[in-house]
């Protein structure tokens, strides 16, 4: 694989990584059903993948040219991708722990896992990622080693900017790989095994002796489907990143072995960066709520198609209604709860002059036109304030489904 082919493939990966993960963040932003603690970590993971496309891949392309630079400037370019890798690892680990709590102790989940705690954990994960990834900047590097070839080529105080020339391999193998990649991956493997074993045990218990107050079988199956989807993401992360780390281990432990050829290194680097592209496809394939929201975004904002109002659906573009009593009607517009009032008014028990009124009765309209009807955003309330989704539907309202309902099998 030549350097020009490598650069073209890397640029294609960068574009796909940016577009796909922006779509993930956009979906969570506009769809209140996706705004939950687990998806906070998903957004953090998507942010790291966006940064791979925007920064890490251009840095990797620049380093591949072997340009002359100050050693610490080159070192920053080389280490930045390690920061993003570490952030992805921590986000995946946080998601695994979140799903473990949801399945093992579901009754305590809402008390233990809150939005504020999740945001705090995400902030800590990013701080740790920068500390771990930029450790070579603090002195664990090859900048102090004199390289006569670099001095002749680039001049005094400058080096040929190549990854292995500035980042020591003992840091990459012992510190980066063994401590902060392999160990978290093994921990995630153990967590997901515990999740599936616990779910299997609970399903068998439900079949033999169902207990009052337990979750229904369908709810638990949705949780298991969610865990499988996220376990696939962890598996793909390992599949994409382990080849590059294995090559580093051979380079470090077998000094007499022939160095990996350039085409193999290019292939391993491309595979590692391609991990930033795959996650949105997994969400779209495995998670119904993400898939529907992706379609809605593409149709509405890319293809510029307006979706007509569908009863029971999650989209509405127009509403014509008239009655004699003022009453709120709740709808959802592109995933957002909405209140519909005549003339932009608050609820009113009496007949409205110069416009329509909405209510349970079937009366006619007074003066005015359908243009007087407008949609006002209504504050979304958490599930604790509502008695249940069935009650909402019975009252003509739309509630927020549980997180696991996003992962209902297609």
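Even glycines carry a Cβ here, placed using N, Cα and C.
Worth saying up front: this structure is predicted, and the values here are computed from it rather than measured.
Feature annotation from Swiss-Prot assigns disulfide bond to 68-154 (among others). If you draw a 10 Å sphere around the CB of residue 68 (disulfide bond), it holds 13 other CB atoms from the protein chains shown.
Other Cβ atoms within 10 Å of the Cβ of residue 143 (disulfide bond), summed over all protein chains shown, number 17. According to DSSP, residue 143 (disulfide bond) sits in a coil region rather than a helix or strand. According to Swiss-Prot, the disulfide bond annotation covers 71-143 (among others).
The Cβ of residue 161 (disulfide bond) has 24 neighbouring Cβ atoms from other residues within 10 Å, across all protein chains displayed. According to DSSP, residue 161 (disulfide bond) sits in a coil region rather than a helix or strand. The feature disulfide bond is assigned by Swiss-Prot to 74-161 (among others).
Residues within less than 8 Å, Cβ to Cβ, of residue 254 (disulfide bond) and separated from it by at least 6 positions along the same chain comprise none. Among the features that Swiss-Prot reports, disulfide bond is placed at 254-257 (among others).
The feature region 'Interaction with GAS2L2' is assigned by Swiss-Prot to 322-410.
Per Swiss-Prot, the feature region 'Disordered' maps to 342-410.
Marked as transmembrane segment by Swiss-Prot: 5-29 (among others). Long-range neighbours of the transmembrane segment (5-29) within the same chain, counting only residues 6 or more positions beyond its ends whose Cβ lies under 8 Å from a Cβ of the stretch, are 35, 39, 42-43, 46-47, 49-50, 52-54, 57-58, 60-61, 64, 266, 269-270, 273-274, 276-277, 279-281, 283, 290, 293-294, 297.
Annotation comment: Swiss-Prot describes 40-63 (among others) as transmembrane segment, evidence class similarity to another entry.
Feature annotation from Swiss-Prot assigns transmembrane segment to 75-97 (among others).
Residues annotated as transmembrane segment in Swiss-Prot, with similarity to another entry given as evidence: 118-140 (among others). Residues 37, 40-41, 44, 72, 75-76, 78-87, 90-91, 94, 98, 166-168, 171, 175-176, 180 of the same chain lie 6 or more positions beyond the ends of the transmembrane segment (118-140) yet place their CB under 8 Å from a CB of it.
Within the same chain, residues 82, 85-86, 89-90, 92-93, 96-97, 99-100, 132, 135-136, 140-141, 227, 230-231, 234, 237-238, 241, 245, 248-249, 251-253 sit at least 6 positions outside the transmembrane segment (169-193) and bring their C-beta atoms closer than 8 Å to a C-beta of that stretch. Here Swiss-Prot flags 169-193 (among others) as transmembrane segment, drawing on similarity to another entry.
Annotation comment: Swiss-Prot describes 230-253 (among others) as transmembrane segment, evidence class similarity to another entry.
Annotation comment: Swiss-Prot describes 262-285 (among others) as transmembrane segment. Under 8 Å from some Cβ of the transmembrane segment (262-285) lie the Cβ atoms of residues 1, 3, 6, 9-10, 13-14, 16-17, 20-21, 23-24, 42, 45-46, 48-49, 52-53, 56-57, 60, 64, 85, 88, 229, 232-233, 236-237, 240-241, 243-244, 247, 291, 294, all in the same chain and six or more residues away from its ends.
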### Query
Going by C-alpha positions, which of the disulfide-bonded residues (68, 143, 154) is nearest residue 161 (disulfide bond)?
68
### Query
Roughly how many Å separate the Cα of residue 68 (disulfide bond) from that of residue 74 (disulfide bond), to the nearest whole number?
9
### Message
Most Cβ neighbours within 10 Å: which of the disulfide-bonded residues 154, 257 is it?
### Response
154
### Query
Taking the Cα atoms as reference points, how far is residue 71 (disulfide bond) from residue 154 (disulfide bond) in Å?
11
